[in-house]
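Just below is one structure, and these are the notes that go with it.
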Amino acid sequence: MSAFVGVLVSDPWLQSQFTQVELRTLKSKFISTRNQSSGHVRVGDLPPVFAKLKALSETFKEDEITTMLGESYKDMNEEIDFEAFLRAYLNLQGHEKAKSGVSRSSSFLKATTTTVHHAINESEKASYVAHINSYLAEDKFLKNFLPMDPVTNALFDLAKDGVLLCKLINVAVPGTIDERAINTKKVLNPWERNENHTLCLNSAKAIGCTVVNIGTQDLVEGRIQLLADLNLKKTPQLVELVDDSNDVEELLGLPPEKVLLKWMNFHLKKVGYEKQVTNFSSDLKDGEAYAHLLNALAPEHSSPSTLDTKDPTERANLVLEQAEKLDCKRYLTPKDIVEGSPNLNLAFVAQIFQHRNGLAVDSKKMSFAEMMTDDAQTSREERCFRLWINSLGIPTYVNNVFEDVRTGWVLLEVLDKVSSGIVNWKLASKPPIKMPFRKVENCNQVVKIGKELNFSLVNVAGNDIVQGNKKLILAFLWQLMRFTMLQLLKNLRSHSQGKEITDADILCWANNKVKKAGRTSQMESFKDKNLSTGIFFLELLSAVEPRVVNWSLVTKGETEEDKKLNATYIISVARKLGCSIFLLPEDIIEVNQKMILILTACIMYWSLQKPAEESEDNEVTDGSPMDGESETSLSREVSDLAIDDAASDSSSQVEEKNDPDKE
């Protein structure tokens, strides 16, 4: 099998205007249109296609797009090829920019190979450069390029190969990427760079980053790293910020930034500062809140002159000097504070929190916090669903599944995402919802839709979700994930009369794929304990893309340490190919049946969705032809289904609700 090189167009300039993700998505739209139009794409076919793309739909209606295309093409029946399709899209983007008066980043998932369209804040860039110079100075590969000069564009030049961004993800959450999978040659070809970017973006999703409209600075700001401890599990002392159980539940549902503001106001109130800090910009410009906060946390380093001075810039400088005595790195300047830079102020407050949070260790409250946090298994399941939901790109960002789904709105958004049009939005109430019965109405509709989709929801009512029944919430979400997977696999088989792919089909495909590659490994089932060595999956990955596995890095998997090395390598290699997966090495080592099944299906989907001329496996087990160029957006969604499912079988969980023997 030849190496996978992505979507290519003959015009280098045209190629440079798009990321590979954009090209694959647009190619899939083009092919879908062609298939629906008897093998030909005409100009008149484009308006309904372009009108559904978010980058254009927010500005133009379908008839407006038709009018603009008519200005460029005299004959709407004229046939066009893929490159003309791309040029038509770029032309419409130009109209969109002219009409809106602002330069927007594409609404596609942005890879870092593109020119950065974000407005670059020089102060922020300098802060990011300082962060990188500090944390990666001793990295074996990057030390040859560091330290960088913040005045130059060295940051963006270094980011082009994707290595820096992969390394930064591991700074934020160590061990996320197996660095053996990163392409680190001095000179990378475009496809090796694209692999690094793909690995970076899929790994970013796996640690909770939002990767829509992403640019270089979005990943280098270290946001995940800075805010990692702002939860009760990592810092149970945060319970001091609240008074009772209801407040703790509210705290659990707050995003890290809100927790940080709550912490800041908690200390400011103790020292008599009357103003409420509600943001990391205008409320901090005069430096007074910082001065009072540091006086409360580190009185030994305080100075009356900080508050006495009338010059905000001078006060900001004194604040930074005081913070440096707490070992807070000086990533921002007095000017950044005075101008109210929200990102840098957020980073600064987070640093202060990390070095001295000023929270007492109250044994009674600590034990209360421990009761409120979930056990490891439940936390793992919650993480799984949270990452999956956020990867779907719904409008609402989920910070805590158990709290955020209780209004029913998030679940309705997810249902509408996976089965468009299934939600009756006229009967739904959008948060904030003051009247409890509105929440029940939302959740009743969720349960109703679940039953229409044949979910097992015995004796389940909307109020169970409103009340935060964790067991039922997890069970519902697992069934929703499973439904999504089955529907997407069914769509994958759309050229086989809609026949669904079964577990047996996936198992047979994987074994046949490995066998055809001349390997001897086989799996008897998705529970096969021999899978724990990881060898089978490495052989499968090598079979679908021969050059992707470096066999000199593979162990025999005889010891637990060897198994973990192989498992971490498998996950990074799969992400490098384009699989957006959330499983952990433990899922492979412990042979988690559901995770093994979904990982295999994800690799299968990636293999089958490649262009037909590159794929030798364009048939499934029963010999039915598979469309190798089926819609890439669909493939991304199915890749997203490689979820970290630690949830036990949903049917049994739901049916256990009223079984006293199961309590």
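Easy rule for this one: first residue shown is 1, then count along the chain.
Here the Cβ of each residue, glycine as well, is placed from N, Cα and C on the backbone.
Look at TrEMBL and you will find 122-243, 254-357, 379-485, 500-608 tagged as domain 'Calponin-homology (CH)'. Look at TrEMBL and you will find 613-663 tagged as region 'Disordered'. The compositional bias 'Basic and acidic residues' feature in TrEMBL is assigned to 654-663.
For the domain 'Calponin-homology (CH)' (379-485), the model's pLDDT averages out at 90. Across the domain 'Calponin-homology (CH)' (254-357), the DSSP tally of helix, strand and coil residues reads 69 helix, 0 strand, 35 coil. Assigned with DSSP, the residues of the domain 'Calponin-homology (CH)' (500-608) fall into helix, strand and coil as follows: 74 helix, 1 strand, 34 coil.
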